[in-house]
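In TrEMBL this protein carries:
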DOMAIN    112-294  domain 'FAD-binding PCMH-type'
BINDING   144-150, 226-229, 278-284  FAD binding site
SITE      R329  site 'Important for enzyme activity'
BINDING   R425  substrate binding site
ACT_SITE  Y488  active site, proton donor/acceptor
Amino acid sequence: MKWNGWGYSDTKFLFNKKGQAEFTGKRYRLSGMIIPALKEWFEGTFGASMQHKSPAAPVLNSGAVQPPTLNEAFLEELTSTGIPFSHDAEDRVYRAHGHCLHEIFALREGKVGRVPDMVVWPNCHDDVVKIVELACKHDVCLIPYGGGTSVSSGLECPTEETRCIVSVDTSQMNRILWIDEKNLTAHVEAGIVGQDLERLLNESGYCTGHEPDSMEFSSLGGWVATRASGMKKNIYGNIEDLVVHVKMVTPQGVIEKSCRGPRISTGPDIHHFIMGSEGTLGVVTEVTMKIRPMPEYQKYGSVVFPNFEQGVACLREVAKQRCAPASIRLMDNEQFKFGHALKPQVSSMFTSFLDGLKKFYVTKFKGFDPDRLCVATLLFEGGREKVLQHEKQVYDIAAKFGGLAAGEDNGQRGYMLTFVIAYLRDLGMEYYVIGESFETSVPWDRVLDICRNVKARIIGECKNKGVQFQPLSTCRVTQTYDTGACVYFYFAFNYRGLSDPVHVYEQVERAAREEILANGGSLSHHHGVGKLRKEWMRETVSNVGMGMLQSVKDYVDPKNIFGNRNLL
């Protein structure tokens, strides 16, 4: 794994000696392929140049890491438990950050701020109990660590924290403890990452169906702590729909329910104090989840619409009729062009001819404007007959809004890009381009407003802040509900000429978040709050709501042992 970028160390986008873009490694469908259009798109979109490079620091300079502040009494008792720990610089730095732009940018420049003083690796629930008890006894600050994919500054160590900070890395708690085939549940340790959870369940013929974009690296405990959402939630639900039981270790003791019934009326649901708590109350150690038999049949699809407005109208109708496939995503025109630029080199002249024929049919024969059209990607799962019926229903609705079926391959490629797109930010940084994504949920009647206004605000703010090149500002409608949708925004710009590009970026992102709130959007749909967005929490949940959350924190953790300072 990279210490200063996304994903696997053997996997990245690069421009080779011939000037062609390629994607290295062997882990993805795109791996090892030449991507002929990416260089032209990259240079044309950002004004970037292969002659202007901004390479990352190749290795971590351990001398830049402050020596650990150790609590000797805690360390002595921890040693006696036999629980593994480390205070090596590399171990500490790796767990001191998530994947916000400012975190990765600093690491690439070799800059390291406050990091945990120790890392500890519990192997089971009982180990976590011992760690928390010792932390309370010796007044040590604990920060839970799952997969490290936070994009809310949730893993950053508070600079004002003077106590010994211990990162509780749950990665060794990665086992399925049992599968209950009668009740279709699985009891799982919370440190397991998504791809391992699905692989192990698949071996027994089951799945959870929970597939957030970060599922390769994010952990089950992290999903619970941030109220995560997966791309196939239309069938399987969000994390709050999948959780049957949660066990969490807090400074006041272990919190869990005594019954695993499907629904319980015993006052406010204790699980909802845990879900979304973002490491402020304790460590999630074990989760009982709903599971399903693996789907009999899976089919991808895609639809081209003449414009974004008709695409949104189609998604609204699909949601209204409650016939959404496992996943349905609508990309705007800018994102469509971006996706097209990531298309790998075709293997034959015939394939190239067919691609040209399809383009001619859509743009010339059907009259779609290449600068306005947009694409929805689809994923259907279930029994074969039901999937085929469902597919026909969705395509019939799409046709009423001017949509044209665009084939399975485009749909499959669209979902494959979900897992490789994060690697592109590292490529951008090599050539003075920085960017990020953020999300919101919004009622249906404000979807078009929020998409239009936020994208325009980003462009205007970049100009006002002295960005010398046109930014990329794009969005997709990525989840649908009865009453609204989740919208993802991406923006990026060439920062050559800026003395403090991260500060400019953060100003633009802050303005975009204010525009989201002004247009009826939520503070977050699934990324969470962390430290990055907590300045808006009070206006989001009200003074009384903040008081309630603070009261829970004060009771459960009176000494602020879980002192990451997220949310509150």
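Placed from the backbone N, Cα and C atoms, the Cβ positions cover glycine too.
Worth saying up front: this structure is predicted, and the values here are computed from it rather than measured.
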Y488 (active site, proton donor/acceptor) versus A228 (FAD binding site) - Cα distance in angstrom: 14
Binding-site residues listed as P144, G147, G282, least Cβ neighbours within 10 Å: G147
Rounded distance in angstrom between the Cα atoms of R425 (substrate binding site) and R329 (site 'Important for enzyme activity'): 21
Y488 (active site, proton donor/acceptor) versus G282 (FAD binding site) - Cα distance in angstrom: 30
Rounded inter-Cα distance in Å - G279 (FAD binding site), Y488 (active site, proton donor/acceptor): 25
Cα-to-Cα gap, P144 (FAD binding site) vs the residue listed as 'active site, proton donor/acceptor', nearest whole Å: 27
Rounded Cα-Cα span from R329 (site 'Important for enzyme activity') to G147 (FAD binding site), Å: 26
Mean per-residue pLDDT computed across the domain 'FAD-binding PCMH-type' (112-294): 98
Densest Cβ neighbourhood among S150, R329, R425, Y488 (recorded positions), 10 Å radius: S150
DSSP three-state assignment (helix, strand or coil) for the residue listed as 'substrate binding site': helix
Rounded inter-Cα distance in Å - Y488 (active site, proton donor/acceptor), S150 (FAD binding site): 16
Rounded Cα-Cα span from R329 (site 'Important for enzyme activity') to S150 (FAD binding site), Å: 23
